[in-house]
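> Sharing the features that TrEMBL gives for it:
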ACT_SITE  Asp157  active site, proton acceptor
BINDING   Gln31, Glu106, Asp139, Gly140, Pro164  S-methyl-5'-thioadenosine binding site
BINDING   His62, Asp86, Asp157, Cys158, Ser159, Asp160  spermidine binding site
DOMAIN    2-237  domain 'PABS'
Amino acid sequence: MSQWITEEQTPHLRLSAEAEEVLYSGESEFQKIEVFKSKEYGMMLALDGVFQTSEREEFIYHEMIAHVPLFLHPNPERVLIIGGGDGGVARECVRHDCVKEVTMVEIDGKVVELAKQYLPTISKAMIENNPKLTVKIGDGIGFMAEAEDYYDVIIVDCSDPIGPGEGLFTEEFYKNTLKALKADGLFVQQTESPMLHQPLVEKVFGYVNNHFPIARLYTAYIPIYPAGMHCFTVGSKKYDPLTWEPNREQNFETKYYNKDIQKAAFALPNFVKNYLPNK
């Protein structure tokens with residue numbers, strides 16, 4: 001018998017999915033985890049009641065958070081992923097020939113375990129033990145604090161700024177991100193909905209704008225996320241997304257990302273431009 005699973009996206013807005021079957025529901029050391037088969041989006045993962053990904057539309061988020069920064073950099077060899085326990089970002093990163101090593105630091109090993117069990121198309125690189133990929137179960141904040149001048153690209157694929165993800169949205173974290181990058185490095189972080197989470201978007205962009213020579217915001221349409229409009233914040237030491245031109249060939253297929261999307265994603269509507277500082 002089916003049931004409806006609901007995410008409270010704001011105190012006044014909810015999104016529900018009809019589930020054919022709940023395959024897992026339990027508590028890890030850090031959060032409540034649910035995996036269920038939905039009628040509309042296929043397998044879905046929820047953390048603390050918040051929808052994280054689904055089989056049907058996951059490619060949008062994972063391609064946009066991975067390929068936008070990786071193609072912005074002319075030759076990224078070392079990539080760090082903070083979070084990303086479902087494995088989708090890692091799957092996309094290892095597809096780049098120039099990328100030699102991908103380190104993924106996920107705090108909740110249970111998420112990794114369940115993704116490999118129930119989300120095999122998303123966790124493909126982990127299941128196949130891709131030689132480029134190293135998965136570490138631990139605190140990404142502490143890991144970042146110890147890194148210095150090493151990574152070309154850092155991707156922060158975090159959950160919402162509550163619970164285990166809260167420390168990934170602090171000014172100290174962005175200072176450590178800057179330190180961990182090489183002289184021409186850059187990072188990207190998912191920063192929620194510019195429509196519904198303006199205070200968070202403003203705060204994070206302000207921190208990044210204060211510490212990085214270049215700070216930019218880009219968007220993508222992601223159906224299961226609040227308002228459907230999601231944004232990502234880029235901090236770059238050298239390369240400006242607004243002056244980007246294709247610098248190498250894309251020798252693999254994607255479902256959402258392309259070179260036109262790479263440019264168009266940084267074209268922001270006025271209501272977003274108006275609350276971001278100019279630099």
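Yeah, the Cβs are placed from backbone N, Cα and C, and that goes for glycine too.
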> Could you state the CA-to-CA distance between Gln31 (S-methyl-5'-thioadenosine binding site) and the residue listed as 'active site, proton acceptor' to the nearest Å?
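Spelling it out, the Cα of Gln31 (S-methyl-5'-thioadenosine binding site) and the Cα of the residue listed as 'active site, proton acceptor' are 16 Å apart.
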> For the binding-site residues Asp86, Asp139, which one has the sparsest Cβ surroundings, going by other Cβ atoms within 10 Å?
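Each of the binding-site residues Asp86, Asp139 was scored by Cβ atoms within 10 Å; lowest is Asp139.
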> Could you state the whole-number distance in Å separating the C-alpha atoms of the residue listed as 'active site, proton acceptor' and His62 (spermidine binding site)?
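A Cα-Cα distance of 9 Å.
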> Can you see whether DSSP assigns Ser159 (spermidine binding site) to helix, strand or coil?
coil
> Return only the integer: C-alpha distance in Å from Ser159 (spermidine binding site) to Gly140 (S-methyl-5'-thioadenosine binding site).
13
> Spatially, and counting Cα to Cα, which of the binding-site residues is closest to Asp139 (S-methyl-5'-thioadenosine binding site)? Options: His62, Asp86, Cys158.
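Checked the binding-site residues His62, Asp86, Cys158; minimum Cα distance to Asp139 (S-methyl-5'-thioadenosine binding site) goes to Cys158.
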> Tell me the Cα distance separating Cys158 (spermidine binding site) from Gly140 (S-methyl-5'-thioadenosine binding site), rounded to the nearest angstrom.
10
